[in-house]
Amino acid sequence: MLLLRDLLAMSSPMRLVTIATISALLLAQPTVQQTYTSCDPTSSTDCAADTALGTTVKVDFTNGKSDDFTAQDTPTYDSTGVSFTVAKSGDAPTLISTWYIMFGKVEITMKTAPGTGIVSSVVLQSDDLDEIDWEWLGGEDDQVQSNYFGKGQTTTYDRAAVHDVTDAQGNWHTYTVDWTDEQIVWQIDGTTVRALDIGDADGQYPQTPMQLKFGVWAGGDPSNAAGTIAWAGGDTDYSNGPYTMIVQSISATDYSTGTKYTYGNESGDWESIESTGGTVNGNAPASGTVVSAPAVTSTSSGGTEPYAGTQADCSTCTTPGTGGWTISTASSATVTSTDYPGLQSGWTVSGSGKVIPPSAAPVIDIPTRLVYLVAGSLVSGLLLGIRL
């Protein structure tokens, strides 16, 4: 049993690592960033331009594959549409649009996947990790969550809202995101269930060119963080599967025109986005914002990440668990030691005191204020029965 005198007798680096390790074990929440980008235009001027949709596209998946989407894993097609099936750990079939929209409207007609811990997702996501979501938990057939993120920030987990839907797994429903420079509107079967004004987004309003990504993944996979599993509804039992989500059709309208979208600077503001051969908001509707949206009365508990499902969006990526879309460009801190007592096998510690897990897991950065918090808790003898 660790005593306070043992902790105080340690060298400063050793003490920091011990406290940080206890913090990671006791306070583990899904707050570690699990969404990545291969090139963040807010930190680099060398990112490739985004291919613009620039018009309207309608895809009927009952007719088979579409060149508007690329597949990860193995979605299948038949007369009902495109199916996304999780049968074992690691399965995460997904379709990703070959184009981006710069503001626009997306409608998708689908049935969600059943199964505790199974998550069906429809996501708009940009290169700098702006994001607009629909997510369905397999253990909740009568609910859907709406969510948004700005630049991948997970400083708070109060954005997700829960909406009623009748038999999402057994009935066809059409889910809509209508996204402008002033407002995001979520609709189910044509009825508005939520509206977010730019002024109410606490500076995290999504406003950069986005791809459409949809598929299914196992949030309840044992490899995921405990908080992610809890949010997904619990452990996934693959023996009760397979679990399948079906998409019948999608319709997408780009509210801008042109062939490519580029970031004019590193601000991440929509006014900085430039269109090649067209105009940002060149196809935007004339109507104003929705003012009759119902109030959000139910929010999601737990900490949902920016889209943490499916596989990585490149062939060389290493991602945490089944999470992440593309590889991070952020460099790791210089490692200075690997032999502190209590440090898990394969973990290292940087010169700044950052605890760095093996390459297959995300970095856990323990802020100084958390170290003080845990130290204070140790003194009070409240953590794990530690006695003074």
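Cβ from N, Cα, C; glycine included.
Feature annotations, courtesy of TrEMBL:
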SIGNAL    1-28  signal peptide
DOMAIN    35-240  domain 'GH16'
DISULFID  Cys39-Cys47  disulfide bond
ACT_SITE  Glu131  active site, nucleophile
ACT_SITE  Glu135  active site, proton donor
Cys39, Cys47 as disulfide-bonded residues, winner by CB count within 10 A:
Cys47
I need the CA-to-CA distance for Cys47 (disulfide bond) versus Glu131 (active site, nucleophile), whole Å please.
19
Taking 10 A as the limit, how many CB atoms besides its own sit near the CB of Glu135 (active site, proton donor)?
23
Roughly how many Å lie between the Cα atoms of the residue listed as 'active site, nucleophile' and Cys39 (disulfide bond), rounded to a whole value?
16
Where Glu135 (active site, proton donor) and Cys39 (disulfide bond) are concerned, what is their Cα separation in Å, rounded?
25
